[in-house]
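Student: Found this in TrEMBL, in case it helps:
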SIGNAL    1-29  signal peptide
REGION    32-56  region 'Disordered'
COMPBIAS  33-51  compositional bias 'Basic and acidic residues'
DOMAIN    79-114  domain 'EF-hand'
DOMAIN    115-150  domain 'EF-hand'
DOMAIN    162-197  domain 'EF-hand'
DOMAIN    199-234  domain 'EF-hand'
Amino acid sequence: MARGGRDRLLGFALGLLLALALAPRALRAKPTVRKERVVRPDSELGERPPEDNQSFQYDHEAFLGKEDSKTFDQLTSEESKERLGKIVDRIDSDGDSFVTTEELKTWIKRVQKRYIYDNVAKVWKDYDRDKDDKISWEEYKQATYGYYLEFQDTSDHHTFKKMLPRDERRFKAADLDGDQTATREEFTAFLHPEEFEHMKEIVVLETLEDIDKNGDGFVDQDEYIADMFSHEENGPEPDWVLSEREQFNEFRDLNKDGKLDKDEIRHWILPQDYDHAQAEARHLVYESDKDKDEKLTKEEILENWNMFVGSQATNYGEDLTKNHDEL
C-alpha cells in the first residue's frame, strides 16, 4: 500500500454523533493539529504509527481492544502475565500449543468487532425510548435533536441544520427494510457505517461534504490540508503538512487533475489493498518468534508480554478472562 504508513484510523463521525446525543448544544471544534480521516474495515484498528517504535500502545489496542487494554496499568507484571496466559489459551483455537499468524489475525478481528457491538449496546437504551428493542427514526431524532427542535436554539442553528438531514439520510441507508426503524444490526450500521459494505457510499459522501468547502463536488489540495491542519497565526507549515501535500499529488490525485473526485476519495479513505489485522498479527509473531518457526509458543508470548499487554493505560474494571468468553 503506497505510503500507507502515514494514515491512521479515524473514528468516523461517531464522536460528533454521540456529542450531539449527549450534549445537544456542543459545537464541533476546528482542529489545530493533524486529524486523520482514513477509515478501516476493523474500525478501531488503524495503521501502525511510524513514530511509535518505542511504544507498544498500538499493539495493546490491537491485541486487547481499546477498553480492555486499559486494565493492565492496574496490574503487576505477574498479574499481567497470568491474564495473558489465559488469553493465549483462547487464541490457540486448535489446541496444538502454538499460536499462528492466522489465529492471531482472527483474534484481533474479533476484538475489534466486539468493540463496535459493545459501543452500540452502551448507547442503545438512550435511544430505544419505548423499549421495543428497535430504534425508530423519530426516537433517534428526539433523543439527539429534541432540544433544538423544541427551543430552536439559534446559537447552534448551522450545526443542527446540517446534521439533522445528514443523519436522516444515513439512517435511511442503514434501514435496509425501509420500515423507518433500526434493528440492532441496522443501528450498528448507522453508528459505524465504515463496517458495512452497503454503507460505504455514505462514508465517501459525508467525507466529501465535510472537506469540500467551496461546494464544487471535489476536494482540492488546500481543502485536503485544511481538513487536517489549520494555521493559528499564519506560521510555517510543519514538515508533515508538506509531506501530505506530496501525498496528495503523488498518491491521492490519481488522474492528476488537481482535485479528488468520489472514486479517489474512496480509494483514499477506504483502501482495499491492506489488511491491518493481518499486518499486526505478522508483526507480533515476527517480534516474538525466538526460534523463527513462524509460530509462537505460550512461553515466547509471555517472554515478550510487554508488547502484548504491558502497561499503557488505566482501568476497565472487568475480568478480562470473563470478557473474552463472549468472543
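Glycine too: its Cβ is placed from the backbone N, Cα and C atoms.
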Student: How does the model score the domain 'EF-hand' (79-114) in terms of mean pLDDT?
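Tutor: Per the prediction, mean pLDDT sits at 92 for the domain 'EF-hand' (79-114).
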Student: For the domain 'EF-hand' (199-234), DSSP counts of helix, strand and coil?
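Tutor: Computed counts for the domain 'EF-hand' (199-234) are 19 helix, 2 strand, 15 coil.
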